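Student: The following feature annotations were taken from TrEMBL:
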COMPBIAS  110-128  compositional bias 'Pro residues'
COMPBIAS  520-532  compositional bias 'Acidic residues'
DOMAIN    72-490  domain 'Major facilitator superfamily (MFS) profile'
REGION    97-132  region 'Disordered'
REGION    508-532  region 'Disordered'
TRANSMEM  21-45  transmembrane segment
TRANSMEM  178-203  transmembrane segment
TRANSMEM  209-226  transmembrane segment
TRANSMEM  238-258  transmembrane segment
TRANSMEM  264-285  transmembrane segment
TRANSMEM  306-326  transmembrane segment
TRANSMEM  346-366  transmembrane segment
TRANSMEM  373-393  transmembrane segment
TRANSMEM  405-425  transmembrane segment
TRANSMEM  432-451  transmembrane segment
TRANSMEM  463-485  transmembrane segment
Amino acid sequence: PPAKPPAMAQHWLATGRASPRLVLVVVFVALLLDNILLTVVVPIVPTFLYTTEYEGANSSASPAQPEPAPAALRAPPFSSVLSYFDNTTVPVRGFTSAAELPNGTGSSPPGHPPSSPPGHPPGTPPAPRRGCLEGGEFLAQENTRVGLLFASKALVQLLVNPWVGLLTNRIGYHIPMFLGFTIMFLSTLMFAFSGTYTLLFIARALQGVGSSFSSVAGLGLLASVYPDDSERGSAMGIALGGLALGVLIGAPFGSIMYEFVGKASPFLVLAFLALLDGALQLCILQPSRISPESTKATPVSTLLRDPYILVAAGALCFSNMGVAMLEPTLPIWMLQTMCSPQWQLGMAFLPASISYLVGTNLFGILANRMGRWLCSMIGMAVVGISLLCVPLATDIYGLIGPNAGLGFAIGMVDSSMMPIMGYLVDLRHTSAYGTVYAIADVAFCMGFAIGPSTGGAIVRALGFPWLMVIVGVLNVAYAPLCWLLRSPPATEEKMAILRQECPMQPKSYAPKEALREFPLTEESDGEAENVE
């Protein structure tokens with residue numbers, strides 16, 4: 001703190017750098033900001049794209065605008081659609097807000113006429129004249145594009161993750177963590193000032209790169225500063241709470257700021273918070289310091305051949321795919337069937353996020369006691385059942401139950417699987433965590449890449465309810481596989497080392513004969529020293 005003399009401040013910094021709790025704070029804040037940015041665009045993008053694209057279509061007299069054309073074939077004649085959008089949506093507040101959009105697509109409840117500026121051209125048909133579903137003709141077209149935009153972050157993150165895992169083993173976690181902050185800051189500013197689909201797409205992809213650095217380095221850093229298995233479980237629970245809080249605040253914060261302040265506002269607030277996080281990292285993590293992992297990391301290819309790691313990764317992927325599919329499709333389905341106003345589109349995700357926050361913090365501690373495998377098995381079954389209940393909702397209140405169940409269950413899976421990943425590497429490989437958390441993050445991202453991109457396409461082909469049925473059944477079917485994680489065996493060589501040196505008792509005991517009779521090689525002696 002500035003009030004203290006410099007010597008005191010230096011002492012404070014020195015103790016701070018030695019404290020695992022402050023590292024946890026840094027990782028928490030980084031995951032928080034990354035996930036606010038992840039979800040803040042969920043309610044903004046679909047409506048923002050209409051406002052801009054239809055104005056663009058109108059100003060260029062529509063032939064150069066390929067996007068809305070297919071919808072026009074099914075909708076009433078194109079010119080009337082354009083004039084309709086021109087009259088209600090675009091002139092009101094131009095790019096800054098799409099508050100009027102639901103009215104523009106005829107999605108407002110009767111008796112809520114479209115708001116119009118003083119110089120509003122006469123002759124606009126009143127909103128209730130068009131049914132909720134007619135506006136939905138366009139929404140169906142947007143499903144795929146919005147899905148691809150959301151998936152671009154996860155796709156990029158998928159490609160970058162393995163490299164970040166290798167990088168952290170070479171140079172430590174501090175520099176990648178700071179790089180992640182820098183890239184995320186740039187991406188946030190780009191979102192604030194992007195006016196077209198292409199620019200938004202690039203900003204979203206750039207966010208994927210930043211996200212990859214901060215999540216892989218952050219989780220690896222936590223695993224290395226909390227060597228004790230149960231402490232690590234609680235710390236991961238808290239860090240994932242940051243992730244949850246981000247998802248929690250993002251969508252509602254985005255929809256309210258967008259409706260009442262303007263498109264750039266939520267992103268500028270985030271950019272400011274990101275700067276604070278950068279300052280925190282500079283103080284605590286010393287991002288100029290290169291500190292490679294003491295242990296030689298197990299290659300990614302070896303980890304990917306480990307069936308136990310694959311089962312854990314699959315659980316992370318499928319449980320998160322449910323929410324990933326909801327993100328682009330649920331707001332559009334709500335516009336079609338519930339005629340929801342703009343602010344409700346983000347609010348629908350609130351119950352999921354609150355319960356995820358409760359779930360990760362509760363089961364960060366509980367999962368270790370009741371068995372992490374059991375916790376994730378129940379979690380995946382509940383994810384499936386909740387998804388099956390989503391299409392039964394007729395208004396936003398009907399979504400509270402299914403979404404809350406979904407969030408709580410994903411919290412159970414995430415807070416059990418993240419520590420299991422660290423535990424499996426301790427038990428079966430060498431204790432270098434960069435690569436295994438890269439795999440965990442890849443699994444997480446595959447959910448968020450496959451989810452939105454296929455979700456939009458499935459909704460167009462089969463409809464939203466069928467999408468929920470498919471993903472729900474998939475989760476319930478996968479749940480029994482978590483039983484395999486009940487007591488994963490240690491590899492023989494690792495077993496011998498653990499018996500000699502390590503206080504962390506493995507949860508499975510191989511028979512006595514499994515101990516290797518010949519002396520340990522030099523290489524495994526080195527491992528033995530580094531296990532501690």
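If you go along the chain as it appears here, the first residue is 1 and each next one adds 1.
From the backbone N, Cα and C atoms, a Cβ is placed for every residue, glycine too.
Unlike curated entries, TrEMBL annotations are predicted automatically.
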Student: Are the transmembrane segment (178-203) and the transmembrane segment (373-393) close enough that 3 or more Cβ pairs fall under 8 Å, when only pairs 6 or more apart in sequence count?
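Tutor: No, the transmembrane segment (373-393) and the transmembrane segment (178-203) are not in contact.
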Student: Quickly jot the same-chain residues contacting the transmembrane segment (463-485) by Cβ under 8 Å, restricted to those at least six beyond its ends, or write none.
Tutor: 307-308, 311-312, 314-315, 318-319, 321-322, 325, 329, 333, 372-374, 376-378, 380-381, 383-388, 390-391, 420, 455
Student: Looking at the transmembrane segment (264-285) and the transmembrane segment (346-366), are there 3+ C-beta pairs under 8 A, with each pair at least 6 apart in sequence?
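Tutor: In this chain the transmembrane segment (264-285) does not contact the transmembrane segment (346-366) - fewer than 3 Cβ pairs sit under 8 Å.
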Student: Quick one: do the transmembrane segment (209-226) and the transmembrane segment (432-451) have at least 3 Cβ pairs under 8 Å, skipping pairs fewer than 6 apart in sequence?
Tutor: yes
Student: If we skip the immediate neighbours and take only residues 6+ beyond the ends of the transmembrane segment (432-451), which ones have a Cβ under 8 Å from one of its Cβ atoms?
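Tutor: Residues 150-151, 153-155, 157-158, 161-162, 164-169, 173, 208, 212, 215-217, 219-220, 223-224, 293, 295-300, 303-304, 309, 312-314, 316-325, 327, 417-418, 421-422, 424-425 contact the transmembrane segment (432-451) from elsewhere in the chain.
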Student: Okay, the transmembrane segment (238-258) and the transmembrane segment (21-45): do they have at least three CB pairs under 8 Å, pairs separated by 6 or more?
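Tutor: Yes, the transmembrane segment (21-45) and the transmembrane segment (238-258) are in contact.
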Student: Top stretch among 178-203, 238-258, 405-425 for CB pairs under 8 A with the transmembrane segment (346-366)?
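Tutor: If we count Cβ pairs closer than 8 Å to the transmembrane segment (346-366), 238-258 scores highest.
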